[in-house]
Amino acid sequence: MRTLVVDHPLVAHKLTVLRDKNTPSPVFRQLTEELVTLLAYEATRDVRTEPVTIETPVSTTIGTAFTKPTPLVVPILRAGLGMLEGMTKLVPTAEVGFLGMARDEETLDIITYAERLPENLTDRQIFVLDPMLATGGTLREAIKFLFKRGASDVTCICLLAAPEGLAKLEEELSDANVTIVLASIDEKLNEKSYIVPGLGDAGDRLYGIAG
């Protein structure tokens, strides 16, 4: 597993505004989209391509195109949906799948309540969208779900991570071909498993408080 924190003034500025509790939902959504596009630029640095021959108005030349199948983008519901537009603006030909995951309040296990993905993910290059890597439980189960379908190349784009959750992922996925791309690794988790300083509940700030 590899971790990449994107160090760029625009990333730092947009993240600062996202963190501000006074930032309203419409601005929060717009900034999330913009920030994801910046992170996706780095996350797609190793996207698979092949040479293609094209005709310009002047001559024939060799260009670059995505290999087939094209990248698969998988937002984790619901907060991951707020990141989708920022990703597909950069990679508009990508296919999009969905994973709905939540923690069972009684058992505390992560359950999959919805999915719309190809049955066979062998040879697919997959980009998972999940804004907050707190305990790491949801992202870990999402990656395992994809691996069970045959995936072997997964990149996760997150806005923030707590060191505790990141360490747990590294421990369990140390040998896996997984890359985590982040805007920031924050200080810690608090007693409620919120990232500190964090930005609060990303889903609530994107869409309101409906669960």
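Cβ atoms are placed via backbone N, Cα and C, with glycine included.
Record features (Swiss-Prot):
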BINDING   R78, R103, D130, P131, M132, L133, A134, T135, G136, G137, T138, D201  5-phospho-alpha-D-ribose 1-diphosphate binding site
BINDING   I195, G200, D201, A202  uracil binding site
Argmin Cα dist to D130 (5-phospho-alpha-D-ribose 1-diphosphate binding site) over the binding-site residues I195, G200, D201, A202 returns A202
R78 (5-phospho-alpha-D-ribose 1-diphosphate binding site) to A202 (uracil binding site) - Cα separation in whole Å: 9
Simplified to three states, DSSP reports A202 (uracil binding site) as helix
Of the binding-site residues I195, G200, D201, A202, within 10 Å of A134 (5-phospho-alpha-D-ribose 1-diphosphate binding site) (CA to CA), in sequence order, we find I195
In whole Å, how far does the CA atom of I195 (uracil binding site) lie from that of T138 (5-phospho-alpha-D-ribose 1-diphosphate binding site)? 14
Provide, as an integer number of angstrom, the distance between the C-alpha atoms of T138 (5-phospho-alpha-D-ribose 1-diphosphate binding site) and G200 (uracil binding site). 17
